[in-house]
Amino acid sequence: MSERKVLNKYYPPDFDPSKIPKLKLPKDRQYVVRLMAPFNMRCKTCGEYIYKGKKFNARKETVQNEVYLGLPIFRFYIKCTRCLAEITFKTDPENTDYTMEHGATRNFQAEKLLEEEEKRVQKEREDEELNNPMKVLENRTKDSKLEMEVLENLQELKDLNQRQAHVDFEAMLRQHRLSEEERRRQQQEEDEQETAALLEEARKRRLLEDSDSEDEAAPSPLQPALRPNPTAILDEAPKPKRKVEVWEQSIGSLGNRPPLSRLVVVKKAKADPDCSNGQPQAAPTPGAPPNRKEANPTPLTPGASSLSQLGAYLDSDDSNGSN
């Protein structure tokens, strides 16, 4: 078996190309090709617009008995995208375009119509000049006259543009210098206004601070004493009682003098201990217990604290018990 990708193939000595059978195909055979719509068109059946560049799977065939300068003309069959109606168009090699045949109408194209009109006028003029020499001279005179008018109009436009486009560089520089000075002056005025505004704001703030300090330093005016209202005690709410702790129940409060002061009686010093109210004091009976008031010769000053008085009282009890 020979290779697929080779440049030279083997032909046997008895090879006869005329013996190879030829495939007979019809001349109007159709091929399925992929193409795009060459122009804008509108379907005659449903009125659907088909725009240029829309892709179709078309059938292609060669038009019989139609040839332009040896070039065959092809016909294409497509279907409407909405109603599936058949639309046909063929090539136009003479105008390098396509011609609509059946099923749709080509949309209006102003550029193509203008080109066709220019070609028609040019062809008619050439036909007239071909058989009429006077027409040729007349057309040349018209063309030269039209050309001179065009040149005159062009020259007028150039002169007008030159007059309007005359530039005075000195005036431009002067205007630029004036604008720069005006801009600097305006900038300086804005800076001065801003500085004055800042100074005014600072002065107001300083005055406000000074006024606040003077108000704080000034003594407050004496308010008149309020007269007690006789019925104010009725309007007052009752005060809640303070809870008494356990240690306060045993020894009393440390800060309150009255509860502990009742436990100790201060002994008053007498000028003459032997006689009281002019009568001599009786001698103590032997064997009798001594009096507590006599056993405690240390007097307690009224200014001593409650705890010191309580300690002195307990010391006196201990001394009496030991005796």
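The backbone N, Cα and C atoms fix where each Cβ goes, glycine too.
Feature annotation from TrEMBL assigns Zn(2+) binding site to Cys43, Cys46, Cys80, Cys83. The coiled coil annotation in TrEMBL covers 107-154, 178-205. What TrEMBL lists as region 'Disordered' is 207-323. The compositional bias 'Basic and acidic residues' annotation in TrEMBL covers 236-246.
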What same-chain residues lie close to the coiled coil (178-205): Cβ under 8 Å, and 6 or more beyond its ends?
none
If you count the C-beta atoms lying within 10 Å of each candidate's C-beta, which of the binding-site residues Cys80, Cys83 ends up with the smallest number?
Cys83
Env. residues of Zn(2+) site, Cβ within 8 Å of mean position of Cys43, Cys46, Cys80, Cys83 Cβ:
Lys44, Thr45, Gly47, Glu48, Thr81, Arg82, Leu84, Ala85
